[in-house]
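J.: Please see the structure below; I have some questions.
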Amino acid sequence: MTDAASASAVPVSDAGTEPTDAAPSTFAELTTIRTGGRPRLLLAAETEDELVATVQDVWASGEEWLLLGGGSNTVAADTEFDGTVVRVLTRGVSVEHSADRVILRVQAGEPWDALVAHTVAQGWSGIEALSGIPGSTGAAPVQNIGAYGQELANSLVAIDFLDYESGERRRIPAAELELGYRTSLLKHGLRGLVVAVELELWDTAAEASVLGGALSRPLAFPQLADALGVHLGDRVPLADVRETVLRLRAAKGMLLDPDDTDATSAGSFFTNPIVSLSFSRTLPESAPRWPLNDPELPDRVIPLDDYYGIGPVPGATLVVPLVKLSAAWLIEHAGISRGFRLPGSRAAVSSKHTLALTNTGGASGEEVAQLARFVQQRVQAEFGVILQPEPVLVGLGL
Ligand SMILES: Cc1cc2nc3c(=O)[nH]c(=O)nc-3n(C[C@H](O)[C@H](O)[C@H](O)COP(=O)(O)OP(=O)(O)OC[C@H]3O[C@@H](n4cnc5c(N)ncnc54)[C@H](O)[C@@H]3O)c2cc1C
(Lines of atoms letter the chains of each structure in order from A and count residues from 1; the text may use other names and numbers.)
(Lines give C-alpha, C1' and ligand atoms only; values in the text may rest on other atoms or scores of the structure.)
Protein backbone atom coordinates (compact mmCIF):
# COMPACT_ATOMS: atom_id res chain seq x y z
CA MET A 1 0.00 0.00 0.00
CA THR A 2 1.38 3.42 -0.84
CA ASP A 3 0.61 7.05 -0.28
CA ALA A 4 -1.03 8.96 -3.08
CA ALA A 5 2.02 11.01 -3.90
CA SER A 6 3.48 8.02 -5.67
CA ALA A 7 0.03 7.12 -7.08
CA SER A 8 1.07 3.54 -7.63
CA ALA A 9 -1.63 0.95 -7.20
CA VAL A 10 -0.84 -2.09 -5.11
CA PRO A 11 -3.02 -5.23 -5.15
CA VAL A 12 -4.62 -6.14 -1.82
CA SER A 13 -5.41 -9.67 -2.96
CA ASP A 14 -3.21 -12.36 -4.37
CA ALA A 15 -5.89 -13.72 -6.71
CA GLY A 16 -4.03 -13.83 -9.99
CA THR A 17 -4.46 -15.54 -13.31
CA GLU A 18 -5.56 -19.16 -13.28
CA PRO A 19 -3.22 -21.65 -14.92
CA THR A 20 -4.25 -22.04 -18.56
CA ASP A 21 -5.27 -25.70 -18.20
CA ALA A 22 -7.71 -24.75 -15.39
CA ALA A 23 -9.06 -21.65 -17.09
CA PRO A 24 -12.86 -21.59 -16.80
CA SER A 25 -14.92 -21.52 -19.97
CA THR A 26 -18.57 -21.69 -18.90
CA PHE A 27 -20.85 -19.50 -16.81
CA ALA A 28 -21.22 -22.52 -14.51
CA GLU A 29 -17.51 -22.19 -13.73
CA LEU A 30 -17.56 -18.41 -13.61
CA THR A 31 -20.58 -17.79 -11.38
CA THR A 32 -21.18 -18.61 -7.73
CA ILE A 33 -24.53 -20.29 -8.40
CA ARG A 34 -22.74 -22.48 -10.95
CA THR A 35 -25.27 -22.53 -13.76
CA GLY A 36 -24.88 -21.59 -17.37
CA GLY A 37 -23.36 -22.47 -20.69
CA ARG A 38 -20.46 -21.24 -22.72
CA PRO A 39 -20.09 -17.72 -24.07
CA ARG A 40 -19.11 -17.68 -27.72
CA LEU A 41 -15.96 -15.74 -26.80
CA LEU A 42 -14.41 -15.33 -23.37
CA LEU A 43 -11.75 -12.69 -22.79
CA ALA A 44 -9.99 -11.53 -19.64
CA ALA A 45 -8.03 -8.40 -18.80
CA GLU A 46 -5.60 -7.95 -15.94
CA THR A 47 -4.41 -4.38 -16.32
CA GLU A 48 -6.36 -1.15 -16.59
CA ASP A 49 -5.05 -0.36 -20.08
CA GLU A 50 -5.69 -3.89 -21.30
CA LEU A 51 -9.21 -3.80 -19.86
CA VAL A 52 -10.13 -0.52 -21.51
CA ALA A 53 -8.64 -1.57 -24.87
CA THR A 54 -10.32 -5.00 -24.76
CA VAL A 55 -13.73 -3.55 -23.95
CA GLN A 56 -13.36 -0.87 -26.64
CA ASP A 57 -12.50 -3.56 -29.23
CA VAL A 58 -15.49 -5.68 -28.23
CA TRP A 59 -17.83 -2.69 -28.45
CA ALA A 60 -16.40 -1.75 -31.85
CA SER A 61 -17.16 -5.26 -33.13
CA GLY A 62 -20.89 -4.65 -32.58
CA GLU A 63 -21.22 -8.03 -30.85
CA GLU A 64 -23.36 -8.70 -27.83
CA TRP A 65 -21.18 -8.28 -24.70
CA LEU A 66 -21.19 -8.83 -20.95
CA LEU A 67 -18.77 -7.86 -18.20
CA LEU A 68 -18.12 -10.32 -15.43
CA GLY A 69 -16.37 -9.79 -12.10
CA GLY A 70 -16.80 -12.50 -9.49
CA GLY A 71 -20.01 -13.83 -11.05
CA SER A 72 -21.77 -13.64 -7.67
CA ASN A 73 -24.74 -11.64 -8.89
CA THR A 74 -25.22 -13.34 -12.24
CA VAL A 75 -27.44 -16.30 -13.10
CA ALA A 76 -27.03 -17.61 -16.64
CA ALA A 77 -28.98 -19.95 -18.89
CA ASP A 78 -27.37 -23.14 -20.12
CA THR A 79 -27.67 -22.21 -23.77
CA GLU A 80 -24.65 -20.59 -25.42
CA PHE A 81 -24.31 -16.85 -24.81
CA ASP A 82 -24.07 -15.48 -28.34
CA GLY A 83 -21.53 -12.79 -27.60
CA THR A 84 -18.34 -11.89 -25.76
CA VAL A 85 -17.81 -12.04 -22.03
CA VAL A 86 -14.98 -9.90 -20.65
CA ARG A 87 -13.70 -10.92 -17.24
CA VAL A 88 -12.48 -7.98 -15.18
CA LEU A 89 -9.35 -9.18 -13.39
CA THR A 90 -7.54 -5.91 -12.77
CA ARG A 91 -5.91 -5.42 -9.38
CA GLY A 92 -4.54 -2.54 -7.37
CA VAL A 93 -5.40 0.10 -4.82
CA SER A 94 -3.81 3.53 -4.46
CA VAL A 95 -4.25 5.58 -1.34
CA GLU A 96 -4.33 9.29 -0.59
CA HIS A 97 -4.37 10.52 3.03
CA SER A 98 -6.20 13.69 3.94
CA ALA A 99 -6.62 14.68 7.62
CA ASP A 100 -8.76 11.94 9.20
CA ARG A 101 -9.82 10.46 5.86
CA VAL A 102 -8.31 8.20 3.23
CA ILE A 103 -9.29 8.21 -0.40
CA LEU A 104 -8.82 4.88 -2.14
CA ARG A 105 -8.79 4.37 -5.89
CA VAL A 106 -9.54 0.69 -6.39
CA GLN A 107 -9.24 -1.21 -9.65
CA ALA A 108 -12.55 -2.80 -10.70
CA GLY A 109 -11.29 -6.38 -10.54
CA GLU A 110 -10.04 -6.16 -6.96
CA PRO A 111 -12.04 -8.70 -4.94
CA TRP A 112 -14.35 -6.73 -2.64
CA ASP A 113 -13.84 -8.77 0.51
CA ALA A 114 -10.05 -8.67 0.20
CA LEU A 115 -10.39 -4.89 0.03
CA VAL A 116 -12.55 -4.81 3.18
CA ALA A 117 -10.09 -7.08 5.02
CA HIS A 118 -7.27 -4.74 4.03
CA THR A 119 -9.07 -1.59 5.16
CA VAL A 120 -9.95 -3.15 8.51
CA ALA A 121 -6.32 -4.20 9.01
CA GLN A 122 -5.20 -0.64 8.22
CA GLY A 123 -7.67 0.88 10.72
CA TRP A 124 -9.83 2.54 8.05
CA SER A 125 -13.52 2.45 8.82
CA GLY A 126 -16.58 2.81 6.58
CA ILE A 127 -17.01 -0.55 4.85
CA GLU A 128 -16.40 -3.01 7.72
CA ALA A 129 -20.06 -4.12 7.84
CA LEU A 130 -19.80 -5.04 4.15
CA SER A 131 -17.38 -7.85 5.05
CA GLY A 132 -17.93 -11.15 3.31
CA ILE A 133 -19.86 -9.85 0.30
CA PRO A 134 -18.43 -11.79 -2.65
CA GLY A 135 -17.53 -10.32 -6.00
CA SER A 136 -15.47 -7.53 -7.44
CA THR A 137 -15.15 -3.89 -6.44
CA GLY A 138 -16.19 -2.73 -9.92
CA ALA A 139 -19.56 -4.46 -9.60
CA ALA A 140 -20.19 -3.01 -6.13
CA PRO A 141 -21.73 0.27 -7.38
CA VAL A 142 -23.95 -1.57 -9.89
CA GLN A 143 -26.41 -2.60 -7.22
CA ASN A 144 -25.01 -0.40 -4.43
CA ILE A 145 -24.07 -3.38 -2.29
CA GLY A 146 -25.28 -3.24 1.26
CA ALA A 147 -25.55 -5.30 4.43
CA TYR A 148 -25.67 -4.94 8.21
CA GLY A 149 -26.40 -1.23 8.20
CA GLN A 150 -23.84 -0.03 5.65
CA GLU A 151 -24.03 0.36 1.90
CA LEU A 152 -21.50 1.35 -0.72
CA ALA A 153 -23.23 4.72 -1.18
CA ASN A 154 -21.97 5.76 2.29
CA SER A 155 -18.34 5.61 1.12
CA LEU A 156 -18.41 5.93 -2.66
CA VAL A 157 -16.97 9.20 -3.98
CA ALA A 158 -16.94 8.52 -7.73
CA ILE A 159 -16.33 5.96 -10.42
CA ASP A 160 -13.95 6.03 -13.35
CA PHE A 161 -16.32 5.05 -16.17
CA LEU A 162 -16.09 4.12 -19.83
CA ASP A 163 -19.46 4.92 -21.41
CA TYR A 164 -20.79 2.42 -23.96
CA GLU A 165 -23.10 4.91 -25.70
CA SER A 166 -20.63 7.78 -26.13
CA GLY A 167 -17.34 5.90 -25.90
CA GLU A 168 -16.26 8.66 -23.54
CA ARG A 169 -14.23 7.98 -20.38
CA ARG A 170 -15.21 10.17 -17.44
CA ARG A 171 -15.28 10.43 -13.69
CA ILE A 172 -18.85 10.23 -12.43
CA PRO A 173 -19.48 11.51 -8.89
CA ALA A 174 -21.52 9.15 -6.69
CA ALA A 175 -24.28 11.76 -6.41
CA GLU A 176 -25.00 11.32 -10.13
CA LEU A 177 -25.33 7.54 -9.96
CA GLU A 178 -28.84 7.45 -8.43
CA LEU A 179 -27.67 4.97 -5.81
CA GLY A 180 -30.57 3.44 -3.93
CA TYR A 181 -31.57 0.23 -2.24
CA ARG A 182 -29.85 -2.49 -4.38
CA THR A 183 -29.94 -0.23 -7.42
CA SER A 184 -28.14 2.47 -9.38
CA LEU A 185 -28.15 4.09 -12.78
CA LEU A 186 -25.64 1.40 -13.80
CA LYS A 187 -28.32 -1.24 -13.28
CA HIS A 188 -31.00 0.73 -15.07
CA GLY A 189 -29.92 2.68 -18.11
CA LEU A 190 -26.24 3.65 -17.97
CA ARG A 191 -24.27 0.97 -19.82
CA GLY A 192 -20.53 0.74 -19.70
CA LEU A 193 -17.42 -0.30 -17.83
CA VAL A 194 -16.53 0.70 -14.28
CA VAL A 195 -12.76 0.95 -14.63
CA ALA A 196 -12.08 1.92 -11.01
CA VAL A 197 -13.90 3.03 -7.89
CA GLU A 198 -13.02 5.89 -5.54
CA LEU A 199 -13.92 5.44 -1.87
CA GLU A 200 -13.56 7.76 1.12
CA LEU A 201 -13.00 6.06 4.46
CA TRP A 202 -12.19 7.30 7.96
CA ASP A 203 -8.59 6.90 9.05
CA THR A 204 -8.90 6.04 12.73
CA ALA A 205 -5.15 6.31 13.39
CA ALA A 206 -5.36 9.64 15.25
CA GLU A 207 -8.23 8.68 17.52
CA ALA A 208 -6.95 5.11 17.96
CA SER A 209 -4.15 6.37 20.23
CA VAL A 210 -6.75 8.12 22.43
CA LEU A 211 -9.47 5.45 22.26
CA GLY A 212 -7.09 2.53 22.47
CA GLY A 213 -7.80 1.02 19.08
CA ALA A 214 -9.36 1.41 15.65
CA LEU A 215 -13.13 1.71 16.00
CA SER A 216 -15.93 1.08 13.53
CA ARG A 217 -18.48 3.59 12.28
CA PRO A 218 -21.49 3.78 14.63
CA LEU A 219 -23.43 0.52 14.36
CA ALA A 220 -26.66 0.90 12.42
CA PHE A 221 -28.09 -2.62 12.37
CA PRO A 222 -29.88 -4.08 15.41
CA GLN A 223 -28.89 -7.72 14.77
CA LEU A 224 -25.23 -6.75 14.48
CA ALA A 225 -25.33 -4.63 17.65
CA ASP A 226 -27.04 -7.52 19.50
CA ALA A 227 -24.46 -10.03 18.30
CA LEU A 228 -21.69 -7.72 19.54
CA GLY A 229 -23.50 -7.19 22.85
CA VAL A 230 -23.64 -3.38 22.41
CA HIS A 231 -26.21 -0.74 21.47
CA LEU A 232 -27.15 0.74 18.12
CA GLY A 233 -24.94 3.76 17.47
CA ASP A 234 -22.04 2.34 19.52
CA ARG A 235 -18.59 2.08 18.02
CA VAL A 236 -16.62 -1.11 18.55
CA PRO A 237 -13.22 -2.40 17.39
CA LEU A 238 -13.19 -2.63 13.60
CA ALA A 239 -11.90 -6.20 13.63
CA ASP A 240 -14.77 -7.29 15.91
CA VAL A 241 -17.31 -5.95 13.41
CA ARG A 242 -15.68 -7.84 10.57
CA GLU A 243 -15.43 -11.06 12.55
CA THR A 244 -19.06 -10.85 13.76
CA VAL A 245 -20.44 -10.03 10.32
CA LEU A 246 -18.55 -13.00 8.85
CA ARG A 247 -19.97 -15.26 11.56
CA LEU A 248 -23.53 -14.01 11.02
CA ARG A 249 -23.21 -14.40 7.27
CA ALA A 250 -21.82 -17.95 7.54
CA ALA A 251 -24.81 -18.95 9.69
CA LYS A 252 -27.13 -17.77 6.90
CA GLY A 253 -25.15 -19.40 4.07
CA MET A 254 -24.30 -15.90 2.84
CA LEU A 255 -20.57 -16.42 2.83
CA LEU A 256 -18.87 -18.21 -0.06
CA ASP A 257 -17.84 -21.62 1.20
CA PRO A 258 -17.15 -24.60 -1.08
CA ASP A 259 -18.29 -26.94 1.72
CA ASP A 260 -21.67 -25.27 2.15
CA THR A 261 -24.18 -26.03 -0.66
CA ASP A 262 -26.38 -23.24 0.71
CA ALA A 263 -23.67 -20.83 -0.44
CA THR A 264 -23.92 -22.08 -4.04
CA SER A 265 -26.20 -19.17 -4.75
CA ALA A 266 -26.31 -15.63 -6.07
CA GLY A 267 -26.93 -14.27 -2.57
CA SER A 268 -30.42 -12.92 -2.00
CA PHE A 269 -32.45 -13.82 -5.06
CA PHE A 270 -35.19 -11.25 -4.45
CA THR A 271 -35.02 -7.66 -3.28
CA ASN A 272 -37.17 -6.46 -0.41
CA PRO A 273 -40.24 -4.96 -2.11
CA ILE A 274 -40.89 -1.24 -1.77
CA VAL A 275 -44.61 -0.45 -1.72
CA SER A 276 -46.84 2.47 -0.82
CA LEU A 277 -47.81 2.88 2.81
CA SER A 278 -51.47 2.47 1.85
CA PHE A 279 -50.76 -0.85 0.09
CA SER A 280 -48.75 -2.10 3.07
CA ARG A 281 -51.88 -1.64 5.21
CA THR A 282 -53.52 -4.47 3.22
CA LEU A 283 -50.90 -6.90 4.58
CA PRO A 284 -51.15 -8.77 7.87
CA GLU A 285 -50.12 -6.62 10.83
CA SER A 286 -47.29 -9.00 11.62
CA ALA A 287 -45.59 -8.34 8.24
CA PRO A 288 -42.35 -6.44 8.98
CA ARG A 289 -42.07 -3.04 7.29
CA TRP A 290 -39.70 -0.08 7.46
CA PRO A 291 -40.63 3.49 6.45
CA LEU A 292 -38.52 4.84 3.58
CA ASN A 293 -39.60 8.49 3.44
CA ASP A 294 -41.41 10.86 5.72
CA PRO A 295 -45.16 10.34 5.35
CA GLU A 296 -45.85 13.76 6.89
CA LEU A 297 -46.05 16.37 4.16
CA PRO A 298 -45.39 19.87 5.49
CA ASP A 299 -48.44 22.18 5.40
CA ARG A 300 -48.14 24.87 2.74
CA VAL A 301 -49.99 28.15 2.57
CA ILE A 302 -50.88 29.01 -1.05
CA PRO A 303 -51.98 32.60 -1.80
CA LEU A 304 -55.48 32.64 -3.32
CA ASP A 305 -54.17 34.60 -6.30
CA ASP A 306 -52.00 31.60 -7.18
CA TYR A 307 -54.50 28.81 -6.79
CA TYR A 308 -58.21 28.46 -7.43
CA GLY A 309 -58.63 24.94 -6.13
CA ILE A 310 -58.59 23.29 -9.55
CA GLY A 311 -55.79 20.96 -10.70
CA PRO A 312 -52.53 20.20 -8.90
CA VAL A 313 -51.10 22.58 -6.33
CA PRO A 314 -48.53 24.77 -8.16
CA GLY A 315 -44.95 23.75 -7.40
CA ALA A 316 -46.02 20.86 -5.16
CA THR A 317 -44.10 17.61 -5.27
CA LEU A 318 -46.19 14.55 -4.72
CA VAL A 319 -44.59 12.46 -1.98
CA VAL A 320 -46.08 9.00 -1.75
CA PRO A 321 -45.07 7.54 1.60
CA LEU A 322 -43.16 4.32 0.88
CA VAL A 323 -42.30 1.34 3.01
CA LYS A 324 -39.90 -1.53 2.53
CA LEU A 325 -41.21 -5.05 3.19
CA SER A 326 -39.31 -8.19 4.08
CA ALA A 327 -39.16 -10.50 1.04
CA ALA A 328 -38.07 -13.37 3.32
CA TRP A 329 -41.16 -12.90 5.52
CA LEU A 330 -43.46 -12.79 2.48
CA ILE A 331 -41.92 -15.98 1.07
CA GLU A 332 -42.15 -17.87 4.35
CA HIS A 333 -45.74 -16.72 4.94
CA ALA A 334 -46.69 -17.73 1.40
CA GLY A 335 -45.98 -21.29 2.53
CA ILE A 336 -42.45 -21.74 1.19
CA SER A 337 -40.08 -23.00 3.80
CA ARG A 338 -36.32 -23.30 3.93
CA GLY A 339 -35.00 -26.17 1.84
CA PHE A 340 -38.10 -26.19 -0.41
CA ARG A 341 -37.65 -27.55 -3.92
CA LEU A 342 -39.95 -28.43 -6.80
CA PRO A 343 -40.28 -32.16 -7.51
CA GLY A 344 -37.27 -33.46 -9.43
CA SER A 345 -35.48 -30.11 -9.34
CA ARG A 346 -31.87 -29.60 -8.30
CA ALA A 347 -32.54 -25.97 -7.38
CA ALA A 348 -33.72 -25.33 -3.82
CA VAL A 349 -34.50 -22.56 -1.40
CA SER A 350 -31.53 -22.33 0.96
CA SER A 351 -31.92 -24.42 4.10
CA LYS A 352 -30.68 -21.41 6.11
CA HIS A 353 -32.39 -18.41 4.50
CA THR A 354 -35.54 -18.26 2.35
CA LEU A 355 -34.23 -15.37 0.28
CA ALA A 356 -31.45 -17.38 -1.35
CA LEU A 357 -32.05 -19.87 -4.14
CA THR A 358 -29.33 -22.47 -4.35
CA ASN A 359 -27.92 -25.00 -6.75
CA THR A 360 -27.78 -28.29 -4.84
CA GLY A 361 -25.63 -29.86 -7.57
CA GLY A 362 -25.87 -29.76 -11.34
CA ALA A 363 -28.97 -27.51 -11.51
CA SER A 364 -29.57 -25.69 -14.77
CA GLY A 365 -30.25 -21.98 -14.97
CA GLU A 366 -33.80 -22.84 -16.05
CA GLU A 367 -34.32 -24.94 -12.89
CA VAL A 368 -33.33 -21.93 -10.79
CA ALA A 369 -35.63 -19.70 -12.84
CA GLN A 370 -38.53 -22.18 -12.45
CA LEU A 371 -38.12 -22.14 -8.69
CA ALA A 372 -37.91 -18.34 -8.73
CA ARG A 373 -41.14 -18.13 -10.76
CA PHE A 374 -42.88 -20.48 -8.35
CA VAL A 375 -41.82 -18.37 -5.36
CA GLN A 376 -42.94 -15.20 -7.17
CA GLN A 377 -46.35 -16.71 -8.01
CA ARG A 378 -46.96 -17.95 -4.47
CA VAL A 379 -46.12 -14.56 -2.97
CA GLN A 380 -48.22 -12.73 -5.55
CA ALA A 381 -51.22 -15.02 -4.98
CA GLU A 382 -50.97 -14.63 -1.21
CA PHE A 383 -50.07 -10.95 -0.84
CA GLY A 384 -50.42 -9.27 -4.25
CA VAL A 385 -46.71 -8.36 -4.32
CA ILE A 386 -44.51 -9.30 -7.30
CA LEU A 387 -41.02 -10.00 -6.00
CA GLN A 388 -38.22 -8.65 -8.20
CA PRO A 389 -35.01 -10.61 -8.81
CA GLU A 390 -31.81 -9.09 -7.47
CA PRO A 391 -29.23 -10.87 -9.67
CA VAL A 392 -28.59 -10.16 -13.32
CA LEU A 393 -30.27 -12.86 -15.42
CA VAL A 394 -28.47 -13.85 -18.61
CA GLY A 395 -30.66 -15.63 -21.17
CA LEU A 396 -33.29 -16.31 -18.51
CA GLY A 397 -36.62 -14.67 -17.82
CA LEU A 398 -38.94 -14.77 -14.84
C1 LIG B 1 -23.25 -15.79 -0.91
C2 LIG B 1 -23.56 -14.42 -1.44
C3 LIG B 1 -23.86 -13.37 -0.56
C4 LIG B 1 -24.16 -12.09 -1.05
N5 LIG B 1 -24.45 -11.09 -0.16
C6 LIG B 1 -24.72 -9.84 -0.61
C7 LIG B 1 -25.02 -8.79 0.30
O8 LIG B 1 -25.03 -8.96 1.52
N9 LIG B 1 -25.29 -7.56 -0.19
C10 LIG B 1 -25.28 -7.31 -1.53
O11 LIG B 1 -25.53 -6.15 -1.91
N12 LIG B 1 -24.99 -8.28 -2.42
C13 LIG B 1 -24.71 -9.54 -2.00
N14 LIG B 1 -24.44 -10.54 -2.89
C15 LIG B 1 -24.48 -10.25 -4.34
C16 LIG B 1 -23.09 -9.96 -4.97
O17 LIG B 1 -22.06 -10.45 -4.19
C18 LIG B 1 -22.87 -8.48 -5.20
O19 LIG B 1 -23.89 -7.94 -6.01
C20 LIG B 1 -21.51 -8.19 -5.89
O21 LIG B 1 -21.27 -6.81 -5.95
C22 LIG B 1 -21.43 -8.77 -7.29
O23 LIG B 1 -20.09 -8.66 -7.73
P24 LIG B 1 -19.53 -9.57 -8.91
O25 LIG B 1 -18.22 -9.04 -9.30
O26 LIG B 1 -19.58 -10.99 -8.51
O27 LIG B 1 -20.63 -9.27 -10.02
P28 LIG B 1 -20.95 -10.11 -11.34
O29 LIG B 1 -21.95 -11.16 -11.00
O30 LIG B 1 -19.71 -10.54 -12.01
O31 LIG B 1 -21.67 -8.98 -12.19
C32 LIG B 1 -22.88 -8.41 -11.73
C33 LIG B 1 -23.31 -7.30 -12.70
O34 LIG B 1 -22.34 -6.26 -12.67
C35 LIG B 1 -21.80 -6.05 -13.98
N36 LIG B 1 -20.37 -5.74 -13.80
C37 LIG B 1 -19.42 -6.52 -13.24
N38 LIG B 1 -18.25 -5.85 -13.25
C39 LIG B 1 -18.47 -4.65 -13.83
C40 LIG B 1 -17.64 -3.53 -14.14
N41 LIG B 1 -16.35 -3.48 -13.84
N42 LIG B 1 -18.22 -2.46 -14.75
C43 LIG B 1 -19.54 -2.45 -15.06
N44 LIG B 1 -20.36 -3.49 -14.80
C45 LIG B 1 -19.83 -4.57 -14.19
C46 LIG B 1 -22.03 -7.36 -14.71
O47 LIG B 1 -22.06 -7.16 -16.10
C48 LIG B 1 -23.37 -7.77 -14.15
O49 LIG B 1 -24.38 -7.05 -14.80
C50 LIG B 1 -24.15 -11.84 -2.45
C51 LIG B 1 -23.85 -12.89 -3.33
C52 LIG B 1 -23.57 -14.17 -2.83
C53 LIG B 1 -23.24 -15.27 -3.79
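Every residue, even glycine, has its Cβ placed from backbone N, Cα and C.
The following feature annotations were taken from TrEMBL:
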- 1-15: compositional bias 'Low complexity' (COMPBIAS)
- 1-24: region 'Disordered' (REGION)
- 34-204: domain 'FAD-binding PCMH-type' (DOMAIN)
- Arg182: active site (ACT_SITE)
- Ser268: active site, proton donor (ACT_SITE)
- Glu390: active site (ACT_SITE)
J.: For the active-site residues listed here (Arg182, Ser268, Glu390), tell me which residue's CB has the most neighbouring CB atoms inside 10 Å.
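T.: Answer by Cβ density within 10 Å: Ser268.
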J.: If you average pLDDT over the domain 'FAD-binding PCMH-type' (34-204), what do you get?
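T.: Taking every residue in the domain 'FAD-binding PCMH-type' (34-204) and averaging pLDDT yields 97.
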J.: Work out how many Å separate Ser268 (active site, proton donor) and Glu390 (active site) at their Cα atoms, rounded off.
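T.: Cα of Ser268 (active site, proton donor) to Cα of Glu390 (active site) measures 7 Å after rounding.
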